[in-house]
Structure formats: C-alpha cells, structure tokens
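Taken straight from TrEMBL:
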ACT_SITE  H260  active site
ACT_SITE  D311  active site
Amino acid sequence: MSDKKISGAGLRGQSAGDTALCTVGQSGSGLTYCGYDISDLADNATFEEVAYLLFNGELPTRGELAEYKAELLAMRDIPKALKEVLKLIPKDTHPMDVMRTGCSFLGNIEPEVDFSEQNKAANRLLAAFPAIMCYWYKFSHDGVEIDCTSEEESLGGHFLRLLNGESPSAQHERVMDVSLILYAEHEFNASTFTARVCASTLSDMFSCITGAIGTLRGPLHGGANEAAMDMIQKFTSPADAKEKMAGMLERKEKIMGFGHAIYRTSDPRNVIIKAWSEKLAAENGDTSLYDISVACEEFMWDTKKLFCNADFFHASTYNYMGIPTKLFTPIFVCSRLTGWAAHVMEQRSNNRIIRPSADYTGAEPRTVKPISER
Ligand SMILES: CC(C)(COP(=O)(O)OP(=O)(O)OC[C@H]1O[C@@H](n2cnc3c(N)ncnc32)[C@H](O)[C@@H]1OP(=O)(O)O)[C@@H](O)C(=O)NCCC(=O)NCCS
C-alpha cells in the first residue's frame, strides 16, 4: 500500500461536503449545533428544543415548542402491526437489530410518500423510537405488553416511564434529556454519512435512517458505550482497573470509550456527562463505578494521552439510572435520529448523488480463461 493510501485511510481529515448543522473540533468548546455551543445547549435547552433547532435551523419560541411537543406526544404510540412484529423478535436479538427492523417496518406501514412529508416522518420516528425499544424489551424479557403512551413532558422522561413503569425523578429525567442533547448531532460521522449517501440517491427517510442505525451498531461507533460498560463492570477497584487496562494495552486491545477520529485532546461532551455521572454516584451512595471510571480516565491519559469520548461516562451514568446495558446504543439511536434526519433534509435541499472514486490496487488487465483451463 502506498503512503498516500495510508494517510487517506478512513477519509480522515477530508471534507466530504458542506453542512450548516454542526461543527466538530472547531470553535467554542469544540462542538456546536447550528452555531450554539454544546455546553450552552446542555445547560439551557431541552432535547425537544434541540430537535426543533436541527430540523428548522432556529430554536423554537415558547409557543412553537408547546406545539411541537404536543405533536410529538400525539405520535408516541406504535401501530398494532408493528407491535406484532416486535413480539416475534427473540430476546437474545441485538437491540440495534430491533431498532433497525422497527424503523424499517414503520416505513412499510407509514411510508414517506414524498419529500413534503419529511418532517412528519422524522418526528414520527423521534416520537416512536422509545416505544419500539421498550415494547420489544419488556415483552421479550418480562412477557409484559406495555402501554406505549405516556403523559410525561419530555421524550427522555417518556422513555424512562416506558422502561420502568413509573414516572422518573426530576433528576433522572433531566440527565436523560442532557444525554439526548449530547448525542443528537456530530457532523459527518460514519452513520450520518451513511444517511446522507442514502439520501443522495433520493431514497426515502426510513431507508436513510435504517442504514444509519446499521452503521451506528458497530463497536467503533455507537456500540462503544455498551462495550465500555462491559469493561468497567469487570474492574473491582481503581487499582484493578489500571492493572487490567495496562494488560489490554500491552495486548494492543482497543479500549472502548476512548479516543476520537477528530478531537485530539478532549471530547467536549465528556466533561458534561462526567459531571452527571458524579452527581448520580453521590445520589446512589455507592461511588465505586464512578471512581473506577475516573481511574480509567487518568490511566489512559497518563499512559497513552487518550481521553474519554462521549461514550465512556455515559456507561456509568446510564448504569446509575438502572438502564440495562443492552439499551445503551438504542438510546443513542433515539437521539442521533435528529441529526441523521436533519442531514437527510439538508442533503435533499441541495442534492447531487454522492459517488466518490477509488484508487485501484487490483490485478493488471487480463482476459477470462475458459473454465476448463483454470
Ligand atoms: C474512535 C476511534 C475509532 C478513532 O480511530 P482513529 O481515528 O483511527 O484513531 P487515532 O488515529 O486517533 O489513533 C491513534 C492511535 O491511538 C490508538 N488508539 C486510538 N483509540 C484507542 C483506544 N480507544 N484504545 C487503544 N488505542 C487507541 C490507535 O490504535 C492508534 O495507534 P497506532 O498509531 O499505534 O495505530 C478510536 O479511537 C477507537 O477505536 N476508539 C474506541 C471506540 C470508541 O470509543 N468509539 C466511539 C467513538 S465516539
């Protein structure tokens, strides 16, 4: 392989198009949505306001937000046919496969007929994803057919309500809200780029989102929060964490929840979710998971200058809220759907089919030998 290919691997550092939705690794803390810094949004907005911002380019007024939330609330339930499909999916299925199927099936029974319906399709998925995830989870794991509606104010609160069968505390609802804000959008990451490539063929919203879910599923992308949880649960103390991580690095294993393709010294989402993890640890009374996580962070920085990305402290945060590990990445879907759909809309607004070229590295030109001579 030539040097050119090595430096070009993964298309790192190359611009693949324009966007007005997000900057990563540039101004402010390093992440902005439509010009707003992520820390500003996490402190002063709700997830519904952020969804509205990504879909419309501006934050809503009080009246617009009330109308938008009412629209989403009315769309939370899922059709009976989809419930029947979810009931058929086995318990040990990867929950991201459930999300992919749920999204795809909804596209069968409520298709986006033309692009004038793109906001409706995006909002429908946004409102219905918590039900798709929880209906399957509760049915396959506990044999319970849950009511998929709730009067919870926020989508984050709605999700926790469906999962636990009771209203969340104000603190847990807010943590979920912040988490959904942090995961909502991240420029041309792998899953968003998948959605844009699909959109560039003038395909429908459900296909774009289904493809993006499949891309997010991998452990190098969205699956990292679950993988981080699996890892830290095996550590018995901060000292044990450091010792085991040293072994992992020696064996050249990737440590999930660390490093980033664009950020070089820190991920601006980490400081925000880490602070919530610390608060939840204090609330819980048992801070060991948080302490172990901090030890991991210190060790990785001291030995490799690798920093926590958004996923690492999400693991302990979700765990403190009692969320099953297998639902971590599907929650990411419930949030990132907003970024994906916004990118689909943006791609459609100024479209040319995305079709890059490749540098050929294969055989010299040759002719087909008859099969009897091969
Ligand atoms: C995110 C990720 C895919 C970025 O990959 P990338 O752009 O190729 O990473 P970099 O170019 O910064 O890697 C530089 C070096 O650090 C190493 N490295 C990066 N992340 C690492 C990690 N989490 N654990 C161990 N080593 C890591 C790389 O292997 C590379 O080493 P090398 O030069 O000896 O090959 C990578 O950091 C990773 O796999 N992280 C774990 C998965 C994860 O948390 N994903 C969620 C991302 S938000």
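Don't overthink the numbers, they just go from 1 along the chain as shown.
Any Cβ shown, glycine's included, is placed from N, Cα and C.
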Cβ neighbour count (10 Å, all chains) around H260 (active site) is 19
With every protein chain in view, how many other Cβ atoms are within 10 Å of the Cβ of D311 (active site)? 28
What is the separation, in Å, between the Cα atoms of D311 (active site) and H260 (active site)? 11
